[in-house]
């Protein structure tokens with residue numbers, strides 16, 4: 001079925017997806033405004049008396065997903081829809097097989113990424129809408145309404161900020177990866193939800209990895225990466241968007257689901273970025289750098305790169321991937337069939 | 001001299017400071033736009049051929065500070081001016097005594113906070129302008145031009161986002177601190193520049209502290225704080241602004257200079273937040289919670305809080321301070337005379 005999508009059809013889906021992202025973001029913003037007004041506002045009285053902040057956010061999450069799902073299936077009844085809310089209710093994480101059908105037009109949606117930020121009204125939250133053909137992300141729409149930042153892409157048409165600025169932002173020329181990467185790089189990572197204080201658990205593997213990336217060169221038994229900065233925003237989706245923008249050089253994460261990353265991968269790849277696995281290979285210096293497998297749950301992304309001294313942009317990205325592999329530990333996020 | 005400032009004079013200074021912040025932010029944005037256009041743009045050809053990104057940013061930093069300094073001293077020739085760029089050139093960190101005169105109107109300015117972000121065009125950078133009377137911050141202006149977020153305050157007149165939304169954003173009512181804080185809190189912290197892999201050095205003290213705040217309750221030998229989220233933006237100034245907004249619950253940092261925090265402290269305190277020292281007292285449960293000493297270099301800030309069950313907002317903030325003190329390690333940032 002996918003093979004039958006004409007360029008015109010894809011264009012039409014792109015226009016639809018962008019408008020859907022804007023509308024969904026507006027719903028998120030309206031619900032946030034209600035929380036700012038609080039119970040002093042008559043219209044939300046019953047809302048805030050009954051529910052706490054987390055209930056309200058959960059309801060917004062579900063309402064926005066329902067809006068997106070209904071909009072998509074009304075217009076494209078034969079497309080497949082995968083959304084975070086609907087899916088996480090019908091399954092437990094440990095029983096989730098790969099979700100993406102190998103063919104057919106598929107939507108992969110997170111109505112609200114950065115839920116904790118949204119609860120606290122920290123602006124780093126967004127709606128994320130990815131559209132896949134044959135299992136590969138071809139359209140991405142990420143909208144952070146409180147930041148007024150809209151990231152969009154369609155395969156072959158470039159990636160854009162607010163529909164006017166092409167990504168990456170610096171492009172005349174696109175800077176190469178730093179010569180001694182990860183030195184000079186902004187490293188983006190998240191603490192996540194797995195906080196078990198278990199020897200060799202994910203929390204400690206993450207902190208070991210963060211420390212290796214951050215420590216002085218020569219430190220950490222030679223693993224010190226002395227990155228320029230370590231950033232944690234609390235939204236995997238926006239981490240990917242800022243990597244596409246060129247603002248972050250490296251994003252490394254484990255545990256994401258398809259809806260967290262589908263749109264971000266579409267936007268990053270279309271901007272010229274590289275996304276592969278954070279699964280650490282036996283020999284990081286020579287292992288093949290495989291294209292990302294959506295659903296693999298372990299991700300490593302590098303920003304778009306121009307050519308540097310004696311290497312292409314792609315070679316600079318691959319060099320950076322290898323340097324990260326040498327410094328991070330493999331996180332424990334398996335899934336059935338993976 | 002400070003005591004002679006009338007309310008009308010203070011109002012006039014406030015209006016002047018806000019406009020100065022807007023103008024300075026515009027200069028930062030214009031310089032960023034030049035970098036986005038790159039060498040493809042004739043007007044910046046000579047600029048980008050000669051200099052690397054860091055040189056350009058340093059030049060912008062200095063130019064904007066010069067603009068702010070000249071503007072202030074033209075209008076208020078008898079005021080004292082302290083700026084990051086001018087000061088850091090004339091001193092080495094280890095020889096810097098307390099900078100703030102004990103009386104007299106004093107401006108404390110960071111022309112560009114979040115320099116690494118600015119270099120990478122990640123939007124979390126800002127200009128920070130604080131105005132002090134008798135050593136206490138009474139006016140704060142923080143402007144992040146790429147986010148289009150302007151934070152302002154004047155003692156007695158409230159703190160504001162974009163001159164229209166009063167801070168904290170949620171204020172009908174202002175939520176109390178969570179009952180089991182730091183659980184439920186967003187914890188804001190930075191990795192900073194001291195990356196020495198030295199046993200018991202600042203990097204390891206920070207990571208120990210982050211881990212204690214993040215780990216599950218009961219973990220880390222009872223210190224696990226299970227915060228809702230850990231965030232690192234790369235700008236101490238914006239960390240304070242988001243704490244004033246209520247988006248972050250706790251901000252903890254060491255090593256800041258006066259210009260990093262003067263405006264942020266003014267805005268946070270006027271919004272109802274608490275700022276004290278991150279120096280860990282002998283007995284965290286009973287130690288007095290002293291007002292922040294600008295220049296102390298160790299800071300702990302708590303967002304504005306409404307009353308909770310059986311406690312005032314202030315009591316909730318103090319309870320949170322004590323819970324943080326129990327979990328963080330004291331960082332090693334001394335200064336002469338401190």
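Indices start at 1 and increase along the chain as displayed.
Positions of Cβ are set from backbone N, Cα and C atoms, glycine also.
Bear in mind that TrEMBL entries carry predicted annotations, made automatically and left uncurated.
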Candidate from A:239, A:249, A:260 that TrEMBL assigns to the same Mg(2+) site as A:84, A:110, A:112, A:113: A:260
Cβ-based neighbourhood (8 Å from the centroid) of the Mg(2+) site, residues A:84, A:110, A:112, A:113, A:260 excluded: A:109, A:111, A:114, A:115, A:127, A:128, A:237, A:259
Three-state secondary structure, which DSSP defines for residue A:260 (Mg(2+) binding site): helix
For residue A:110 (Mg(2+) binding site): DSSP state (helix, strand, coil): strand
Cβ-Cβ neighbours of residue A:260 (Mg(2+) binding site) (radius 10 Å): 24
Nonlocal neighbours by CB distance (under 8 Å) for residue A:112 (Mg(2+) binding site), same chain, sequence gap 6 or more: A:28, A:57, A:60, A:61, A:64, A:118, A:125, A:126, A:127
Neighbour count (Cβ, 10 Å) for residue A:84 (Mg(2+) binding site): 22
Least Cβ-crowded entry, counting other Cβ within 10 Å, from the binding-site residues listed as A:110, A:113: A:113
